[in-house]
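Engineer: My structure is below; once you've seen it, I'll send some questions.
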Amino acid sequence: MEALGRRPHGIPMCVILMLLLLVTVAHSFYLPGVAPKDFVKFKMREPQMCNVVCHVTLNAKDAKEFKEKIDDAYRVNMILDNLPLVVPYKRPDLDSLVYQHGFDVGLKGQYAGRPEEKYFINNHLTFTVKYHKDEETDAARIVGFEVKPFSVKHEYEGKWDEKTRLTTCDPHAKRTVTSSESPQEVEDKKEIIFTYDVEFQESEVKWASRWDTYLYMADDQIHWFSIVNSLMIVLFLSGMVAMIMLRTLYRDISKYNQLETQDEAQEETGWKLVHGDVFRPPTNSDLLCVYVGTGVQFFGMILVTMIFAALGFLSPSNRGGLMTAMLLLWVIMGLFAGYASARLYKMFKGTEWKKITLQTAFMFPGILFAIFFVLNALIWGEESSGAVPFGTMIVLVLLWFGISVPLVFVGSYVGFKKPAIEAPVKTNKIPRQIPEQAWYMNPIFSILIGGILPFGAVFIELFFILTSIWLHQFYYIFGFLFLVFIILIVTCAEITVVLCYFQLCSEDYLWWWRAYLTSGSSAFYLFLYAAFYFFTKLNITKPVSGILYFGYMLIGSYAFFVLTGTIGFYACFWFTRLIYSSVKID
């Protein structure tokens, strides 16, 4: 079992044992430095009532620590047979049960007729272990793990010792804890007794289907609304692209190809006028190659992960399976990153392919690893159980240097050996002057406008993703997520093509970086939404927790920028090659 957060200094071990209640089936599990007699034992299909874990008297420091944990809404998470502990509760607007992941350390409340607010700790747990029985063999398998936490001020007669019987909770008298009991306050010098019950219930749910109740999605209408909202954006953009491609471009190409006289041929207008400069290598072309290659790597990782998750291969019963699969796919996709960056680099007449390969292999992962290391150091400093162990960090570095970097070099070598991508038109030696642009074609304005629609296509689903990450909710609707991802691809491609066409028509041929930044700017809105979510949905008060939130969201936004920017770039690259290969250029 595991608990969130760090162990408060000075709190007695028996309290920690209560929060980390060690549940085993048919055998005990031990922590170093703790005597075996202190441990709790579950035995399959053997109910237990009012088992006492420990008896403590809080001092001022302990009480202060517990109050902080209650203020910060700390929850205790446990695992039994790979099933997470949940608290079932009924929402007023739903007929079915909803499950909260883990139980609260405590709660705040008031006594009737008293204005002051008090802190109460959940010191009694009623566990319900659901099992499915095989009628032929009489064997049973666990299919559910639930708990009802109670705050109860336990009472007893005489002086406390190991044989003392409680009057508020007595297995001999069959007296159980109920919600009507007086709650247990958290204050200096307060005496607290931690207890628990275990109930076993036979269930019709089979072992193979035991995760279905955890992953039941009660608000699927909202997700369908998200899909419909995104599809409306796609239809709007598709209509604009169709109008450009079928009407405007067809008319332009027909007009250009049917000019009868030389004088007419010299009177070029619109996007054809910049044919001699449209494929001129951009400034900082090396950096563009690196980001495009990294985007291909990230796109491949996300696409394959989505497909496997949507098909059900990445089950939540395999804890950490999703993250492990993403890391391994990222490493493997280094092959395609090197290939894509080398192909584009050779098109720009580059010769130092090893330099571009090193940048592709180290720039994006290096930035992410540096941010992650700093954030993890902060978690280490807080003595949190959520810190990534040093050994795991070493394994990540070995995967990066030992597998990913060599694969990037292999892909780059193969890509650079292939013939260079030929532009459909020749590039003039002297670049033409770009005329003064209208205010709405200003690069910053058009880039920021271009990111709104891709973000609009995903922001509803983004809410559920943030909720699952930061509010410990279950998220396993990868079918919806895969549809949203496809819509995101189409939206990024179409908005970039539309704005690229308008840019070329205004005789501005500097489209390379703008194509990347147009759809990539959706990451800016993602980070703004993450900030909005932080201040409106999360009750985070500690500076370290806030730094962790914005640090991780910065990593996510940066990755989203690379992904969407690469999609937009390749869409615009395909579009410009298509239209300039369709006209006759003398």
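Each Cβ is built from the backbone N, Cα and C atoms, and glycine gets one as well.
Since the structure is predicted, the reported quantities are computational estimates derived from the model, not experimental observations.
TrEMBL feature annotations, pasted as is:
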type	residues	note
SIGNAL	1-28	signal peptide
TRANSMEM	224-246	transmembrane segment
TRANSMEM	288-314	transmembrane segment
TRANSMEM	320-340	transmembrane segment
TRANSMEM	361-381	transmembrane segment
TRANSMEM	393-416	transmembrane segment
TRANSMEM	437-470	transmembrane segment
TRANSMEM	476-502	transmembrane segment
TRANSMEM	514-535	transmembrane segment
TRANSMEM	547-575	transmembrane segment
Engineer: Counting Cβ pairs closer than 8 Å, which of 320-340, 361-381, 547-575 has the most of them with the transmembrane segment (476-502)?
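Structural biologist: Going through each listed stretch, the top one turns out to be 547-575.
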Engineer: Answer yes if the transmembrane segment (361-381) and the transmembrane segment (514-535) have at least three CB pairs under 8 Å among residue pairs 6 or more apart in sequence, and no otherwise.
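Structural biologist: These two stretches do not touch.
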Engineer: Taking residues 6+ outside the transmembrane segment (393-416), which of them lie with a CB under 8 Å of any CB in it?
Structural biologist: 293, 327-328, 330-332, 334-343, 345-346, 353-354, 356-357, 360-362, 365, 369, 373, 376
